[in-house]
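Feature annotations, courtesy of Swiss-Prot:
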COMPBIAS  34-48  compositional bias 'Acidic residues'
COMPBIAS  62-71  compositional bias 'Basic residues'
COMPBIAS  225-239  compositional bias 'Low complexity'
REGION    1-80  region 'Disordered'
REGION    74-150  region 'Interaction with TIMELESS'
REGION    178-199  region 'Disordered'
REGION    220-246  region 'Disordered'
REGION    289-360  region 'Disordered'
Amino acid sequence: MMDPLDNGLFDLPDYEHTEDENFPPLPPPHSPGADDEAEDVANGDDWTENAGQTQREEAPKPARRVVKRPQPKLDGQRLASQRGLPALRHMFDDVKFKGKGHETEDLKILLRQMENWAHRLFPKLQFEDFLNRLESMGNKKEVQTCLKKIRMDLPIVHDDFLSEEVVVQTEDHAIDMPSEDFSFPDELHVPSPSQPVKVDLSEETLQRIERNRRLALERRMEKMQAQAESQALSQATQSDPNEIPDDAFDAEMLDAVESMTGIPTASQSPPHVDKDLSLVLHSHDLPVQDVSQSPAPCPKPQGDAPPEKALSLVHSALPSTSDPTSPRKPLTEQLPDDADTSSATPYTEAPACTNTKEEY
């Protein structure tokens with residue numbers, strides 16, 4: 001038998017001086033397209049070289065965010081749309097209320113119609129929440145504009161414009177030309193003037209226009225009547241017929257003063273002087289002006305003295321009749337009787353104005 005040691009069967013190889021073999025890396029786990037990669041590896045292609053390029057090609061793109069069903073919003077534009085406030089104009093055309101005595105039932109019908117309108121406009125909200133949202137949106141510009149158009153009976157939505165049947169007709173103003181063909185240059189062609197537009201309105205529109213015109217005339221007449229009444233009242237308060245004018249009052253006061261002071265006028269007869277009065281004046285040694293002498297000039301009034309001041313001066317100059325020691329008799333005693341009127345000697349014409357202080 002042969003010895004295995006002799007044959008060198010158990011000799012270990014010299015790993016210190018040998019180099020490791022280069023083995024290809026392990027393939028990736030099984031995935032779609034792994035067979036192709038296995039074939040590449042079998043064919044000697046290195047998949048690591050194309051790894052970066054494969055990742056760039058297979059990188060997923062960011063998905064675009066698309067809203068498929070946008071949720072409706074209760075804003076001013078939706079409230080002014082065809083299902084919004086304009087729909088309320090014709091909602092109660094077919095509704096019949098029972099009238100007096102059935103107010104509760106009529107109110108239920110009204111609320112039911114309003115709830116139906118709110119649900120059609122925005123089904124997402126309950127009726128109470130819809131009313132709260134509607135109240136907060138009343139100040140928006142779109143809502144205010146829509147309300148003004150409704151009050152003025154103006155067209156709002158597209159159907160309102162279609163209901164107004166407007167027919168525009170153009171008339172043919174062509175001039176009869178001869179049968180021969182004439183060629184005119186382009187410079188001589190003048191554009192035809194604008195043709196008159198004939199508008200045919202419906203009967204309902206004409207009735208509405210007539211009603212608005214009548215209401216405007218009534219308001220104008222009421223306004224003019226109110227202005228006329230106010231002007232008449234102001235004129236009546238300014239010129240009161242019961243008020244006495246100042247010039248009439250001054251004339252009456254002047255006549256009263258003249259009658260009390262005893263100043264005769266040109267139309268009055270000269271006064272009669274009693275003999276007893278002259279004797280009394282001589283007994284008290286009072287100076288009496290001679291008739292034959294010229295009358296003393298009447299003093300001119302200083303400024304525009306009021307009649308009350310002249311009256312007070314006259315009363316202060318005359319002696320009092322209530323005093324028993326006064327030399328002047330009462331006027332009742334000075335007046336002559338009817339029997340003595342014929343025997344009394346008439347006095348000569350007295351001057352127009354005498355000095356009262358010098359006479360007495």
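Keep in mind that glycine also has a Cβ here, set from the backbone N, Cα and C atoms.
Listed as Cβ neighbours of the compositional bias 'Basic residues' (62-71) (distance under 8 Å, sequence separation of 6 or more from its ends, same chain) are residues 124. Mean predicted confidence for the region 'Interaction with TIMELESS' (74-150): the pLDDT average there is 89.
DSSP states for the region 'Interaction with TIMELESS' (74-150), grouped as helix (H, G, I), strand (E, B) and coil, give 48 helix, 0 strand, 29 coil.
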